[in-house]
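Read through the structure below, which is laid out as structure tokens, and then see the notes.
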């Protein structure tokens, strides 16, 4: 590639020099016409044109050869290695290709400036939509858009967003009181890690079966989710009067088994028309952020204590009772208002409708890739190559059929981005889950104070995304923001350690704010990049890109909550430093991995 580019640059220079000399002669003839030499000038221009065509043919011939070589790799590897390879070469800082790209930079910059003026107001929505990691097809066919219009139902979309909001409230409403609840049942305060993490453990498995279930129905998984969450929250609330830590943890496990976020993502991806899918995806992220802020805030309000018959209602049990009532009301609303999208086209696909769009897209791609000039031998050769490559191309569009198959589709840069997602979720879970224990031990904060602190952290999510989506992402590349955010998370973790000097409230709040805000920026940019570089095969099916990212984040939360509980055996005085150490090591590891794959994060 580098030799071809260097030869191209050399020949371009020679052609430019010849054209420059001819231009001087042409200007001279315009002042003093010499008809005898005009024919010679015309032939000279024609000779330059012929040489330019030869140069283009040379580039075309080499491009065809490179494409055939890469197709062989695609077929052997089983995924689109071509995309990854081209990105690494096109964006390498020391590649001579950069000089070729610079020739068209002024045109590209002018187009970008015009697009920015037209679409500035949509930058934030676009950023939030990518934050949701709802995978989309690159070339949606007109028939698919028509199908989306028929399947779309606004109230059903609203119910999916409400499910997302309530689930996030359900996740974080117990965080301020989990340590008190554990102690009231005779366990250590650090057992709150198990109580909080039990929901994430169950979510690891529920995400898979809900994703598979959503291939057949959306209504039934949502009904099942609501019932399981109602039961789980009721068990969580009744564990106090039963004086049973087992019932408490089982209640949280049931809540995790009701996680229908995979269904919510799939509904937006499959049933919302393309023209409003970005707004729906932004709504998904906003509902999650709002739920994250409302959960702790609601826990801070529920500061009362009374009994009805044998049931106790206090700050520990009220989150369970309130969420049980909320899920019961949601179930009634769901039963009345949800409209199951029609699936006739998916279940009984006719050959004409199901294959027309891919055929059109294949024809389009084939037409774009066909060289302008071919000899008869070249045509025969390319046809033979095309037979195998088309089959390979068809295989490369099939969705992944297993976790192993999905893992094979991950390029090194995508694996690094999933590691980053794991790291930021781990760091955030450590900060949030142990907040009540740490603040009680060091600062003697009440439940209300912890709730206010967590709610304030949650309220930073949308403003931070507005700033990043509307301003910062326009000034810097995504990978630059990614690396800077990782470094800021690392700084936040380092500032959180308790070493020698007394631990103060400003140190804890400031370090926590730096860590949380940087992690939020990192999450948005990371998922934005991830949604663009993942294989198109991961845009649909059970084992899609959204599921992989959800699993990575959920496993991180499980390990973080387990770390808190295990560190509790060393005593509350050592809890902070022991839990922060793994966060620091994983963060440093992700920074190193990012540096190694920096040129492919494009």
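Cβ from N, Cα, C; glycine included.
The compositional bias 'Acidic residues' feature in TrEMBL is assigned to 379-393.
Residues annotated as domain 'SPX' in TrEMBL: 1-87.
The annotation region 'Disordered' is assigned in TrEMBL to 375-399.
Residues annotated as transmembrane segment in TrEMBL: 157-175 (among others).
Sequence annotations record features per position, and here TrEMBL assigns transmembrane segment to 187-210 (among others).
Among the features that TrEMBL reports, transmembrane segment is placed at 222-239 (among others). If you look at the transmembrane segment (222-239), the same-chain residues 6 or more away from its ends with a CB under 8 A from one of its CBs are 159-160, 163, 166-167, 170, 174, 185, 210, 245, 247-248, 250-260, 263, 311, 317-321, 323-324, 327-328, 330-331, 334-335, 338.
For 245-263 (among others), the entry in TrEMBL reads transmembrane segment. A Cβ distance under 8 Å defines the sequence-distant neighbours of the transmembrane segment (245-263), meaning residues of its chain 6+ beyond its ends; these are 160, 163-164, 167, 170, 174, 181-182, 185-187, 191, 194-196, 198-203, 205-208, 210-211, 213-214, 218, 221-222, 224-229, 231-239, 320, 546-547, 550.
Residues annotated as transmembrane segment in TrEMBL: 284-306 (among others). Within the chain, the transmembrane segment (284-306) has long-range Cβ neighbours (under 8 A, six or more residues past its boundaries) at 128-129, 131-132, 134, 160-162, 164-177, 264-265, 268, 312-315, 318-319, 322, 447-448, 450-455, 457-459, 461-462, 465.
Annotation source TrEMBL lists transmembrane segment at 318-336 (among others).
Beyond the ends of the transmembrane segment (418-443), by six or more residues, the same chain brings 172, 175-180, 189-190, 192-193, 196-197, 200, 410, 449-450, 453-454, 457, 482, 486, 489, 493, 496, 498, 503, 505, 508, 512, 515-516, 519, 522-523, 526-527, 530, 548-549, 552-557, 559-561, 563-564, 568, 572-573, 575-576, 579-580, 582-583, 586-587, 589-590, 593-594 to within a C-beta distance below 8 angstroms of the stretch. The transmembrane segment annotation in TrEMBL covers 418-443 (among others).
Sequence annotations record features per position, and here TrEMBL assigns transmembrane segment to 449-469 (among others). Here the transmembrane segment (449-469) has long-range neighbours at 123-128, 131, 172, 175-176, 285-286, 289-290, 292-297, 299-300, 432, 435-436, 439-440, 481, 509, 512-513, 516-517, 520-521, 524-525, meaning same-chain residues at least 6 beyond its ends whose C-beta is under 8 angstroms from one of its own.
When Cβ-Cβ distances below 8 Å are used as the criterion, the transmembrane segment (481-501) is approached by residues 420, 423-424, 427, 431, 442, 468, 472-473, 507-508, 510-516, 518-519, 521-522, 525-526, 529, 576-577, 580, 583-584, 587-588, 590-591, 594-595, 598, 601 of the same chain, each at least six residues removed from its ends. Taken from TrEMBL, the feature transmembrane segment covers 481-501 (among others).
Per TrEMBL, the feature transmembrane segment maps to 507-530 (among others).
The feature transmembrane segment is assigned by TrEMBL to 575-599 (among others).
Nonlocal intrachain contacts for the transmembrane segment (187-210), taken as residues 6+ away from its ends with a CB within less than 8 angstroms of a stretch CB, comprise 171, 174-175, 178-181, 221, 225, 245, 248-249, 252-263, 429, 433-434, 436-437, 440, 542, 547, 550-551, 554-555, 557-558, 560-565, 567-569, 572, 575. Helix, strand and coil residue tallies for the domain 'SPX' (1-87), in that order: 80 helix, 0 strand, 7 coil [DSSP].
Proximity of distant same-chain residues to the transmembrane segment (318-336), defined by a Cβ-Cβ separation under 8 Å and at least 6 residues beyond the stretch ends, is recorded for 159, 162-163, 166, 169-170, 173-174, 177, 219, 222-223, 226-227, 229-230, 233-238, 251, 298-299, 302, 304. Within the chain, the transmembrane segment (157-175) has long-range Cβ neighbours (under 8 A, six or more residues past its boundaries) at 181, 195-196, 199, 218, 222, 225-226, 229, 233, 236, 252, 255, 258-261, 263-264, 267-268, 271-272, 280, 283-284, 287-292, 294-296, 298-299, 319-320, 322-323, 326-327, 330, 333-334, 337-338, 432-433, 435-436, 450, 454, 458.
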